[in-house]
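Enquirer: The structure is given below, and queries will be raised subsequently.
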Amino acid sequence: MDRDKTDWLLIGLLWALGLLAAGQFAKVALALEALGRSYPGAPLPLAVSALSITGIVFGVTAGVIVARLGLSRALIGAMALGAVASLAQALLPPFPVLLALRLLEGVAHLGIVVAAPTAMAMAASPRDEPVAMGLWGTFFSLGFALWAVVVGVLPDPSAGFVLHAVALVALALPLWRRLPPSPPVAQDRMAFVARHLEIYRAPRLVAPALGFFWHTALFLGLLTFLPGFVGGWTAPLLPLVALVGTFGAGLAARRIAPRAVMMTGFALSLLGLAVLLAVPEEARGAVALCLIVVIGIVPGGAFAAVPALNQSRADRARANGAMAQLGNVGTGVSVPLMAATLGAGLTGPVAVAAVLSALGLGVVWLIHRKIA
């Protein structure tokens with residue numbers, strides 16, 4: 001799939017698939033109130049976190065499986081599995097069955113978020129790889145925002161589940177026709193723990209994931225709690241302005257090493273957090289928007305680092321598997337971590353975000369020293 005000329009059509013189709021991957025979270029997260037009428041008393045947030053649980057447990061394993069299957073088979077298989085699971089969810093089965101279907105959909109989600117960015121990097125020329133990865137880095141925020149609009153006009157959650165399945169099937173055909181042959185890559189058979197140790201001991205494989213982890217650990221918590229302190233009007237804007245930083249980071253990574261892009265994002269985040277506490281209350285909304293822009297730089301650099309540090313398709317798939325795993329861990333701890341500090345007012349979440357940003361800056365610098 002490597003080429004001298006960028007296949008922007010294929011990259012666009014894969015990015016659209018990323019928006020649907022974000023929809024796998026959003027179609028449930030944004031319909032919890034409506035689903036509560038069908039599942040009174042059920043712990044519905046588990047239906048959202050089920051996708052993250054799958055990523056935390058099987059992220060690295062997914063990278064190996066994708067390399068073993070080949071990118072095209074892994075992608076089309078994940079889309080088919082996701083469509084079947086979504087259609088079954090539309091029947092609103094008993095909650096234990098719904099939860100099992102969400103775990104199954106988590107497998108499909110993991111296949112997409114590991115294979116799609118690997119295929120995007122392969123479809124881009126070396127010059128355009130960072131731009132393609134910056135584009136991919138926007139999929140979750142934009143996809144979530146788009147699904148918020150979609151869910152708002154649908155009559156019930158079942159319609160959202162059916163629409164998601166239909167969209168996956170509709171996108172599968174042009175993707176299947178556009179994806180070039182991607183033969184499986186032989187992988188050594190290793191035990192679950194040994195496979196993790198192999199990847200997490202390899203700086204080139206784990207460096208992008210380490211930068212991404214600290215970003216996800218602070219990002220979701222800030223999106224959740226900042227509007228309550230700086231103005232509710234910022235809530236729909238914060239995930240959207242993050243896209244500016246993420247895509248801009250991909251453009252910057254054409255000329256600047258991705259590690260420098262990530263470190264710049266963390267350093268500017270520290271500065272922005274300090275300014276947020278220092279300015280008058282009436283200015284905090286505008287500062288918060290600028291803060292989220294610079295925080296959005298980090299994932300653009302992290303995704304660009306995958307092809308920059310890893311040349312083979314198998315290594316890129318494994319690096320993306322580590323990204324998926326640590327990204328889900330970061331997302332899982334972000335909200336509870338910041339929620340525990342809300343008693344201190346705005347200072348609490350800001351202090352947590354500052355510590356996470358400083359740790360991210362230090363860890364990215366240290367891991368790249370090992371690579372150099």
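Don't overthink the numbers, they just go from 1 along the chain as shown.
Positions of Cβ are set from backbone N, Cα and C atoms, glycine also.
According to TrEMBL, the feature domain 'Major facilitator superfamily (MFS) profile' maps to 1-372. The transmembrane segment annotation in TrEMBL covers 47-67, 74-95, 107-124, 131-153, 159-176, 205-227, 233-253, 260-279, 285-309, 321-340, 346-367.
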Enquirer: Check the transmembrane segment (47-67) against the transmembrane segment (260-279) for contact, please; criterion is three or more CB pairs under 8 Å, pairs 6 or more apart in sequence.
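Expert: Checked: the transmembrane segment (47-67) vs the transmembrane segment (260-279), no contact.
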Enquirer: Grab the same-chain neighbours of the transmembrane segment (74-95) for me: Cβ-Cβ under 8 Å, and only residues 6 or more beyond its ends, written as numbers and ranges.
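Expert: For the transmembrane segment (74-95), the far contacts come to 17, 20, 24, 27, 38-39, 42, 65-66, 101-102, 104-105, 107-112, 114-116, 119, 157-159, 161-162, 164-166, 168-169, 171-172, 175-176, 179.
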Enquirer: By Cβ distance under 8 Å, which residues at least 6 away from the ends of the transmembrane segment (321-340) in the same chain are close to it?
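Expert: Contacts of the transmembrane segment (321-340) (Cβ under 8 Å, skipping residues fewer than 6 from its ends): 49, 52-53, 55-56, 58-64, 66, 110, 113-114, 199-200, 205-206, 208-210, 212-222, 224-225, 302-303, 306, 348-349, 352-353.
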Enquirer: Where else in the chain does the transmembrane segment (107-124) make close Cβ contacts, counting only residues six or more beyond its ends and a cut-off under 8 Å?
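Expert: Residues packing against the transmembrane segment (107-124) from afar: 1-3, 6-7, 10-11, 14-15, 17-18, 20-21, 24-25, 51, 54-55, 58-59, 62-63, 65-66, 71-72, 74-75, 77-79, 81-82, 85, 131-133, 135-136, 179, 182, 303, 306-307, 313, 316-317, 320-321, 324.
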